[in-house]
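Student: Found this in Swiss-Prot, in case it helps:
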- 1-26: signal peptide (SIGNAL)
- Cys33-Cys187: disulfide bond (DISULFID)
- Asn50: N-linked glycosylation site (CARBOHYD)
- Asn64: N-linked glycosylation site (CARBOHYD)
- Asn109: N-linked glycosylation site (CARBOHYD)
Amino acid sequence: MGVPDCLALPLLVTFLLLSLGLPVLGAPPRLICDSRVLERYILEAKEAENITMGCAEGPRFNENFTVPDTKVNFYAWKTMGVEEQAVEVWQGLSLLFEAILRAQAVLANSSQPSEMLQLHVDKAISGLRSLTSLLRALGAQKEAISPPDTTQVIPLRRFTVDTFCKLFRIYSNFLRGKLKLYTGEACRRGDR
């Protein structure tokens with residue numbers, strides 16, 4: 001029940017190009033605009049949050065990890081340009097990715113790593129990579145790199161976490177909040 005040999009190579013090349021964030025013919029360029037796609041990643045993040053809430057005495061980080069503030073001032077968000085929103089989302093994803101990679105290292109160095117935690121950390125890393133590729137296809141990276149000169153980019157508010165529970169709560173909240181708001185606006189703007 002494997003993939004026929006005639007399809008294996010094109011499929012492999014497509015996955016390789018997607019993982020590098022390059023456009024692929026036949027790949028929907030605005031896949032992130034399908035709400036079901038983002039909801040899948042949000043559901044995975046929420047599952048990780050729920051699992052780690054049950055293990056409050058789980059492994060703590062030996063140092064604090066910096067993560068983005070997930071609070072959204074809706075008035076301020078609406079008045080921001082889509083370029084400013086893109087910058088905030090890219091900065092947040094970058095901080096989350098770095099924190100989750102560091103959490104993966106904590107598990108790797110743990111004397112008794114939890115398989116469940118490892119599974120959710122691996123899913124989060126995979127999810128963040130996929131979301132990054134999907135946002136590139138949407139053009140978010142171009143918006144984040146070249147905000148208009150008139151726009152002053154305000155540094156992203158941050159704070160620190162010291163447990164897996166807090167890390168996954170931030171991850172889940174960021175996807176449900178700022179990322180969802182940004183993609184919704186960017187997709188609507190692209191439909192005009």
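Just so you know, glycine gets a Cβ as well, placed from its N, Cα and C.
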Student: In which DSSP state, out of helix, strand and coil, do we find Asn64 (N-linked glycosylation site)?
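Tutor: Assignment for Asn64 (N-linked glycosylation site) reads strand.
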Student: What does the structure give for the C-alpha distance between Cys33 (disulfide bond) and Asn50 (N-linked glycosylation site)? Integer Å is fine.
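Tutor: Per the Cα atoms, Cys33 (disulfide bond) and Asn50 (N-linked glycosylation site) stand 26 Å apart.
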Student: To the nearest whole angstrom, state the Cα distance for the pair Asn50 (N-linked glycosylation site) and Asn64 (N-linked glycosylation site).
Tutor: 21
Student: Report the same-chain neighbours of Cys187 (disulfide bond): residues 6+ apart in sequence with Cβ closer than 8 Å to its Cβ, ordered by sequence.
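Tutor: Looking at Cβ-Cβ distances below 8 Å from Cys187 (disulfide bond), excluding near sequence neighbours, one finds Arg30, Ile32, Cys33, Leu138.
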Student: Give me the non-local Cβ neighbours of Asn64 (N-linked glycosylation site): same chain, 6+ apart in sequence, Cβ-Cβ under 8 Å, ordered along the sequence.
Tutor: Thr160, Val161, Asp162
Student: Which number gives the other C-beta atoms within 10 angstroms of the C-beta of Asn109 (N-linked glycosylation site), all protein chains shown included?
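Tutor: Summing over all protein chains shown, Asn109 (N-linked glycosylation site) has 10 other Cβ atoms within 10 Å.
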